[in-house]
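Novice: Structure incoming, see below.
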Amino acid sequence: MTTIISPKQFSPVEDAENIRKACQGWGTDEKAIISILGHRNLFQRKLVRLAFQEIYHQDLLQQLKCELSGNLERAISLWTLDPADRDAVLANETLQKSDPDYRVIIEIACIRSPEDLLAVKRAYKFRYKHSLEEDLASSTTADIRKLLVGVTSAYRYDGDEFDETVAQSEASTLHQEIHGKAFNNEEVIRILSTRSQAQLNATFNIYKDIYGHSITKGFPGGDYFSTLRTVIRCIRDPKKYFAKVLRSAINMEETNEDALSRVIVTRAEKDLKDIKELYLKRNNISVDEAVARE
């Protein structure tokens with residue numbers, strides 16, 4: 001039976017030694033690795049990595065990659081990484097695919113704080129020797145490129161203040177540019193990539209008051225408007241957005257393990273509890289039960 005060490009007894013050296021023991025023998029003791037790293041916070045995981053490096057002269061992540069496989073290896077590796085480095089890896093992974101999941105980029109650009117986004121871009125440049133914007137521009141075209149590079153390049157104001165007059169004016173601008181006869185994405189991208197979350201939410205609320213429906217209702221089809229819808233949803237209500245991502249991932253014919261692990265790992269030390277409560281409220285089943293069924 002695997003023993004779980006309580007946080008009060010935390011010892012990075014002991015954790016490093018126990019992980020090493022779990023990797024020795026005929027088979028890797030996956031439950032032991034999960035019980036150790038799964039019960040350690042960000043600061044503790046950093047100390048465990050440092051202790052492992054110091055004792056065994058090997059990167060813990062490399063050890064885990066050798067011993068684990070598949071979705072478990074990916075989830076444990078992402079969990080062990082620093083958040084900024086983790087997001088850099090997630091962004092690069094999706095941009096390497098023939099059919100990138102732009103939700104990954106949008107989550108990083110529109111839900112992370114301005115300082116967190118800056119840290120991700122620094123980590124990305126250090127790891128891959130390119131800027132995130134550079135690789136994003138190479139992987140996209142036309143209006144989607146303008147939109148995604150725009151929100152990724154942003155350094156938004158992060159406070160709660162907003163200007164109601166600006167919100168009223170830009171609600172009208174968004175309606176005209178999105179639903180007018182001659183669609184113009186320049187103003188839409190300017191507003192979505194420069195305004196703060198508080199300012200944009202004020203604009204979205206005024207939009208609904210004026211036009212009687214949410215800004216995303218009645219969007220035309222196509223990849224650009226699908227991407228634009230995701231940007232708006234991430235800015236407007238991140239928790240609701242993530243609850244929907246979890247539902248979609250779990251309800252697919254074959255569970256989308258990448259999306260499932262991405263949400264759980266990236267939100268675990270932020271707002272996962274609130275996301276799970278919202279999921280339960282909307283689906284009448286807990287995330288844990290839904291995942292167990294699949």
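Keep in mind that glycine also has a Cβ here, set from the backbone N, Cα and C atoms.
What TrEMBL shows for this protein is this:
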- GLY25, GLY27, GLU67, ILE250, ALA292, GLU294: Ca(2+) binding site (BINDING)
Novice: Far apart in sequence but close in space: which same-chain residues, 6 or more away, have a Cβ under 8 Å from GLU294 (Ca(2+) binding site)?
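Specialist: In sequence order, the residues whose Cβ lies under 8 Å from that of GLU294 (Ca(2+) binding site) (at least 6 apart) are ILE250, THR255.
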Novice: Mind checking which of ILE250, ALA292 has the fewest other CB atoms within 10 A of its CB? They're the binding-site residues.
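Specialist: Looking at the binding-site residues ILE250, ALA292, the Cβ with the fewest others within 10 Å is that of ALA292.
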Novice: Count the Cβ atoms, other than its own, that fall within 10 Å of the Cβ of GLU67 (Ca(2+) binding site), considering every protein chain shown.
Specialist: 18
